[in-house]
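J.: Quick paste of what TrEMBL says about this protein:
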TRANSMEM  5-23  transmembrane segment
TRANSMEM  35-54  transmembrane segment
TRANSMEM  61-81  transmembrane segment
TRANSMEM  93-117  transmembrane segment
TRANSMEM  129-151  transmembrane segment
TRANSMEM  171-188  transmembrane segment
TRANSMEM  200-221  transmembrane segment
TRANSMEM  227-246  transmembrane segment
REGION    252-272  region 'Disordered'
COMPBIAS  256-266  compositional bias 'Basic and acidic residues'
Amino acid sequence: MTPRIFMATIGIGILQGLSNYFYSYGVAKLPVSTNGLLISTQLAFIAFFAFIIVKLKLTSYSINSVFLLTIGAVVLALHSGGDRPEGETNKEYILGFIMTLASAALTGLIFPLVELIYKKAQQAITYTFVLEFQTVYCFVATVFSTIGMVINNDFQAISGEAKAFELGEGRYYVVIICIAIVLQFYFLGTIGVIYSASSLVSGILATFLLPVNEVLAVFLYSEKFSAEKGISLALSLWGFASYFYGDYKENKKRKNDQSPETKTIDKTNYTP
């Protein structure tokens, strides 16, 4: 990793730390399913920033996919008042809503920036480079969050939070450790897909977790699955299907376009 890329990675790590803060605040103030559906708007932000930053070519299918996913989140936003947790003020709920969207917007900016670093690296992008990138990127985000926790005296509150944890104090720390481990797989996966394909594909695959998130929230946390959430989920699934169908057609068209050229080359080189 060159010094130039190292400094750029630090900048992206700071953005990730800020996004983590916004996301954590949103999780604390919103139901899991509502939070997940709002996070799905990151795909629209990824498409927008990728178009501007890395000049991503948008097809009618990818535009339709982003549109459907965004509309799905809007449907949820217009009819989400009944989901407010008990004892939470209107101001807190709205702030959680806004900060979750801010997290989605920052994620939408980070993915294309990572793709831009790959394109401008002027060096071989190897597995070692990807791991170096992830190490610096996640370390900086962790330092950013740690500084905030020190300033806010959050470390002193951890023991009290662990004791109040419904599943037990020991399981509280197990959950935190598992989250940290799983997130490392998530970050490595998203960074790897950006290298292998594009920031938009990485965003689509990350957003694909939405249906799983919705179902688990209903079964594990007994959250209400309202008609609006059902419509939003259906639009999201439609958006996923639209993108992958468009990708399938593009690949098929590319193969058909190459087929006549292959035949011509074979005839040219043919020796009786």
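Note: Cβ is positioned from N, Cα and C throughout, glycine not excepted.
Curation does not apply to TrEMBL; its annotations are automatic.
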J.: What stretch of 5-23, 93-117, 129-151, 171-188, 200-221 shows the most Cβ pairs under 8 Å to the transmembrane segment (227-246)?
T.: 200-221
J.: Per the 3+ Cβ pairs under 8 Å rule, pairs at least 6 apart in sequence, do the transmembrane segment (93-117) and the transmembrane segment (171-188) touch?
T.: no
J.: So if I exclude everything within five residues of the ends of the transmembrane segment (5-23), which remaining residues of that chain have a CB under 8 angstroms from its CBs? That is, six or more out.
T.: 39, 99-100, 102-103, 106-107, 109-110, 113-114, 117, 121, 133, 136-145, 148
J.: Check the transmembrane segment (129-151) against each of 35-54, 171-188, 200-221 and return whichever range has the most CB pairs under 8 Å.
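T.: Checked against 35-54, 171-188, 200-221; highest Cβ contact count belongs to 171-188.
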